[in-house]
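Enquirer: The active site, nucleophile annotation in TrEMBL covers Asp309. Residues annotated as active site, proton donor in TrEMBL: Glu364. Under the heading domain 'Glycosyl hydrolase family 13 catalytic', TrEMBL lists 162-478.
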Amino acid sequence: RYSLFYNHLKNIEESEGGLDKFTKSYKTFGVNQLADGGIYCKEWAPGAEAVFLAGDFNGWNPFSHPYKKLEYGKWELFIPPEDGCSPVPHGSKLKVVIRAQNGALLYRISPWARYVVRDEDKVNYDWVHWNPPQSYIHKNPSPKRLKSLRIYESHVGIASPEGKVASYKNFTYNVLPRIKDLGYNCVQLMAIMEHAYYASFGYQVTSFFAASSRYGTPDDLKEMIDVAHSMGITVLLDVVHSHASKNSEDGLNQFDGTDSCFFHSGYRGNHQLWDSRLFDYANWEVLRFLLSNLRMWIEDYRFDGFRFDGVTSMLYHHHGIGTGFSGDYNEYFGLHVDEDALCYLMLANHMINSLHPECITIAEDVSGMPALCRPVEEGGGGFDYRLAMAIPDKWIQIIKELKDEDWNMGNIVHTLTNRRYEEKYIAYAESHDQALVGDKTLAFRLMDAEMYTNMSVLMPLTPVIDRGIQLHKMIRLITHALGGESYLNFMGNEFGHPEWLDFPRIGNNESYHYARRQFNLTEDDLLRYKFLNAFDRDMNRLEERFGWLASPQAYVSEKHESNKVIAFERAGLIFIFNFHPYQSYVDYRVVIWHSSLTVAFKYKILLDSDAGEYGGHQRLDHNTEYFSEEYPHNYRPNSIMV
């Protein structure tokens, strides 16, 4: 794998003048404004017979501005300035006109288009030339690279209690302060790359270089990122390079009139479950397109890194469909691995690390590909983190299938700690996947219909709501503290957002009722959502203070099946969880890690899920001091009584 990567890198050096020049192609392809006022256009359309540019600037004459054919399927066009001014004004609508091999004229949006919009009375998107007289100027430097991430996974369009598509401006001034207050130091933005179908959640991308216009302008997004940086918040983009929309009117599909171009032709170029097109990662121009795309988002918008979506689909020719992964190495090395896709990911991480070493990359891989998060120089994939995708599945399985008294403490600990040494994982109890229609969030699984009637503090605390609130806090804290080297939460789930997430579509009469986040629920003192919100905030703030995510893995001293107790130590803190459905304990002895003590250690309670401000029963005295003893317990010489 490293040899394949090295050969690609060597070829880029020899034929393109280096990785820096190769990945700057976003500045030359598409339609670009020159310093003298002229316009330079460049496209890659290997299957085209001829290429033209049409738009408002030439009265939509499809033949007046032909491109010149270059080698390797590239085409270019230069339009001189008119009286020192641009012949294509800012805001002009454009189309690339392709004469296909069968003679048909195809009106296409450039794959490199920076701004596309759809009028309310139209079905298709328009490509708009974006060249404002004064672009947004970033005022704040990017935050320094974080030792660990507390990620707030977000979608701009649903980030409002109102039933509408919310804006970048709304997120900037209403949501970012909330994220900061909750103690998250990173926001991961979904559905930013333009997608014609809103209900795809941003995963059917049509314009890879365009920020979605349904939320506002490119400058609005730049301002949003700049304001996040002013708050010390790192901003990651959920990037979709695993596939592309089949939409040929608005997207890349059949751009040059052929079945291939950016994609594999035939069966290999189609994803049978996602109904989308699959990139040909062995193609030189596809590598140019995708690598330049990453660089554009970093340099133009100042994103601080990426979460790569659908990495499992990229890594294997079977795309993970109908395949289970047990951890056997035969599952990761063989002819079923798409080495071209893996090499692209190595190139992407190498480029990002070389040109922007402060940036962070995350892999969404469910297979557990070994060394995916080790440096490229070691033959690894080069990612900084991978998502611990087994953890949310485990919590769902436990809540769905087991009675409380049947919860297996050893199995919980195994799932939370089962990760390769020196490959960093991002733990999460639930993400957007669990919030979507057809699934249920943890809060909804725990409390279900009673969330509609019994979340008021004026109502008696029912056993269902009581159990749900307490387990919601405990599950999140143990996942946060034991499950990885970073932590992720999907917006709204921190306070147990009721109901599911469903975008407007024909099946729900185009309703926005479920495509929103009811942040107002946490601001109502009469509702119990405030308790979960407060606990999530204080949990994050405690991690900020002690840094357990950046600390070595925890020492687990107890996973007691009959007592339903889990105890472990990390970053100098002792974490104790009692999952027993009805049994509390007094004078309970737990291990402390120190093997020899010359003085007794004193401990105090820092975070208590049973505290009143978190909707608990206040059964612990926070003024109590606990002292370590040279008293052997669980094969360690020292312990403490709690």
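Every residue, even glycine, has its Cβ placed from backbone N, Cα and C.
Provide an account of the burial state, proximal residues and distances for the features listed.
Expert: Annotation for Asp309 (active site, nucleophile): same-chain Cβ neighbours under 8 Å, separated by at least 6 residues, are Tyr203, Asp238, Val239, Val240, His241, Ser242, Glu364.
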Enquirer: In the predicted model, what is the mean pLDDT computed over the domain 'Glycosyl hydrolase family 13 catalytic' (162-478)?
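Expert: Its mean pLDDT is 96.
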Enquirer: Can you count the other CB atoms that lie within 10 A of the CB of Glu364 (active site, proton donor)?
Expert: 21
